[in-house]
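Here TrEMBL flags 20-240, 478-638 as domain 'MacB-like periplasmic core'. Look at TrEMBL and you will find 294-405, 686-769 tagged as domain 'ABC3 transporter permease C-terminal'. Look at TrEMBL and you will find 21-41, 287-307, 343-364, 384-405, 426-449, 682-701, 737-757 tagged as transmembrane segment.
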């Protein structure tokens, strides 16, 4: 009997090639999209879950509330880990991390490389986290100062086939680290992924004895704690309120602020944290929700398409059902036949979808920036999902013809008394309307994402980022020779200007407390600060709206002069005349340094467009002893490669210890929005596929409708109807469904995209033209 069902199913597929192709193609594309998105979501949700004690590991974050601003850090002070362990019995252990200096030059014999993933860690690292050591003793690998644990990849890179244990690596200019361990390469689903773990004791940090000073002077250390079995992290977090009050509550109150410590589960860090000083760039749970929704939408679209074509074709098999009943077929046999045919169609679509997903995987990897693999048999979640999908789609796709047609009375069917109308038509209208709704929502999303990205690309930043090469200074001796380097660079005809600064316009800036002279003593304001030389404003073409720039012609500039932006003037309440007004900068909890405003620059974006422009002070580089680590060089656009070659040669003359590092400032700006760019690309691809699935279904339905109304169309043409009028007759029915879908899709698309745009302080408005275009 089963063999008979299979034969009949295959015959029906071959007899109706067009409809079989449309059904299988639409469903295969939908499942392939869903598989790719499932792999992406699964990867995002799996971060940090490979650690054996993941459910007991937490990170302590610091949140400062100061007048008019809240600051969120993934870090604490270096003393707090030990203090937590000493004062709270539920804390079993702790690990601190620090990324002092970030990028380093590491040398071994003739091998010299820049390395970015170099982290200091406590010797308790391997007691808390499940990083696997291949060589060395996890108990003492990071105990002694200047000890170093490297990954397998780094061991191969520097030592080849030699045993790395006991060998010395030179870090930067003169620091030797001894390799005491080799660990397995860290999984990519870890938010902690360095290539080198250096012993924390190498930093020579000791408490000063003044807890308030220790906890407020330097909060650059990520602190992870391991709670004991059964400890409630929320209860522990409540206890930390008293910890803050005990040690720094009075100091913060005197500054008009407060602080809070957050205890964050390890497995929530990657998707639910976007704080300052994160170890790695984190993900975003909203994107997981968004792509999960897109995947379900596309799958729903494909399933609706599948059901629609199945119900549309079912009426044509009424006589077949009648004949089968006449020759003795029972209803349950007919139900099994139709469900079996649906399962065969679904199975073929499933196989094709896996093939499609495999073929498009390289493209998807590139866009999503994830190293995903299919691995169906090694991925129980994917396998279970595909099996569930197979049965659900098979049952839904075959249920209408199976249960509806099998209930026909054979006499009525064979006499042609079968009514084809109401229920089947209503179901098709509902299904088609849902298809159009899903497609329009996706189109709206795609249009708005691309509009916002275009808005960002074309926004006026307040400075000129094009054709500026930013050089990194790491050697203190190079800082001292900056003026000589600058003079040599400016000899080249294609170098227009050069300046030094503590960071780039879009970089990490100082953020500290200030007091406006003449205001109440307890009235403090927090301002961003950047150290620049007298050529910074000209190099970046920042507009000066009042006063003057720094100048070597004014001897007092290095000691007291500052330049502020318009946002700072507004915050200080000095819109009338800010020039020559004085500001005191807190250099410690008890000491201040007085500065005088000599100029005001137009507001420029020194953070991403996600953030509002904040008050900023520009300090003179000379004032802080040339404390800068960037040289910005504006070059002519012609033959930039040759200009870079000249810069490299001159750099080598002044700094033989550190090879030239450079980045184009416009590339740095673009990198801020890479995740949004990927979002736009993925949105575009999936929307195109959704439209393709919808078009396949619509083509099938219109073909079926035309076939069903062949006699009517013939009569109308005999009576003089033109081809356009016949086409309008057929299109009119679908137009109503499209209008219904538009009315449903618009509010859904508006709500979803308005929520997404809230992530940007500077954003487009949701105009009616976008929604009209999507329709």
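Just so it is clear, glycine is given a Cβ too, placed from its N, Cα and C backbone atoms.
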Sequence-remote partners of the transmembrane segment (343-364) [C-beta within less than 8 Å, at least six residues beyond its ends]: 6, 9-10, 13, 20, 23-25, 27-32, 35-36, 40, 306, 372-374, 376, 386, 389-390, 393-394, 397-398
Intrachain neighbours beyond the transmembrane segment (737-757), with Cβ under 8 angstroms and 6 or more residues off its ends: 286, 290, 429, 432-441, 444-445, 448-449, 452, 763-764, 766, 771, 774-775
Long-range neighbours of the transmembrane segment (682-701), counting only residues six or more past its ends (CB under 8 A): 18-19, 22-23, 25-26, 29-30, 33, 37, 291, 294, 297-298, 301-302, 304-305, 308-309, 312, 367-368, 428, 432, 435-436, 438-439, 442-443, 445-446, 449-450, 734
